[in-house]
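Colleague: Here it is, the structure, as structure tokens.
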Amino acid sequence: MTAGRGDEDSLAAGGPARHIPVLRDEILELAAPQADGLYLDATFGAGGYSRGLLATQGARVLAIDRDPGAIAAGAGLIAESNGRLTLVEARFSDLAAVAERLGLGAFDAALFDIGVSSMQLDEAARGFSFRFDGPLDMRMQQSGPSAADIVNDADEEALADILYYFGEERASRRIAKAIVMDRAKAPFRSTAALAAMIARVCPGKPGDIHPATRSFQALRIAVNDELGELVAGLAGAEARLKPGGRLAVVTFHSLEDRIVKLFFAGRSGRGEAPSRRLPGEPIPPPPTFAVSGRQPVTPSAAEIAANPRARSAKLRHGVRTSAPARAPGRDLMALAALPQRAAKGR
């Protein structure tokens, strides 16, 4: 999608949304679009990757995005594509069902660009950003609980867990306690009010990221179940890729990258136990992906200079084998969900 995926301080460095796809050349080189190929752009956004794929005459693209605004903005590219682009409002977890409903065959490549986009962050009314005053919303689709619902209704322990596990916020307990105390006087309704409270409780040092960065990331991930959707999307792509098809995933923070890294390690056999096994020990399933080359791929110095918002991007990729797809393991599901009990000592 666009250049603005990642932590919001990286996004602020780039200014207003410029709709520049991150690692575009590397992604398209991996996808290697062909005239008779079918490709998945799982995060349409401003259409940067889809446009690159469609530049190959005869290539067809299924693009999905859970943001209705992105779908509406894609009407022009649909018209330009002469029927080669199908754009659907859907989540990652809907991917396989959408492809099945449309009667599509297996994909030659599947491309993911994970996280919130610069367009979403730069629109104050969406409530994603601490840089603008807007409603405390953060929903990519206008359904389900908002960030305000979580902040005003969740108990202190649940809030601390969300901030700690989804934002890697060390001051999670302090911030959660302050939220509960302040909301007793008046509920939080705006991004500015929440950001100001966090800055008051955890004032940063000059040169540090904004004190609210990690908390806003955590709330956004919780509101949209971003990590659970990522796991579902990886599994859906595995099920719909043809042998030899490529899966390429760009992430912008450590939680996402950890899931993608673990997925490829487990699916390629790199995460399995040594070849010598005890009698009766189960044989691991055959690899569903082949992974090669130095990974992750990161933006060049020239790309970062031209587009500072790209600086935290990491690209991991693999080639689909003919082995049957399988359900995500418990290790992946555990990374995508909050632990049942809060971690102690934080």
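Cβ coordinates are placed from backbone N, Cα and C, and glycine is handled just like the others.
The S-adenosyl-L-methionine binding site annotation in Swiss-Prot covers GLY47, GLY48, TYR49, ASP65, PHE92, ASP113, GLN120 and is backed by sequence analysis. Marked as compositional bias 'Basic and acidic residues' by Swiss-Prot: 270-279. The region 'Disordered' annotation in Swiss-Prot covers 270-346.
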Colleague: Fewest other CB within 10 angstroms, which one of the binding-site residues TYR49, PHE92?
Modeller: PHE92
Colleague: Might you list, by sequence position, any residue in that chain lying six or more from GLY47 (S-adenosyl-L-methionine binding site) with a Cβ less than 8 Å away from its Cβ?
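Modeller: In sequence order, ASP41, ALA63, ALA73, GLY74, LEU77 meet the Cβ cut-off.
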Colleague: In terms of DSSP three-state secondary structure, what is the assignment for ASP65 (S-adenosyl-L-methionine binding site)?
Modeller: strand
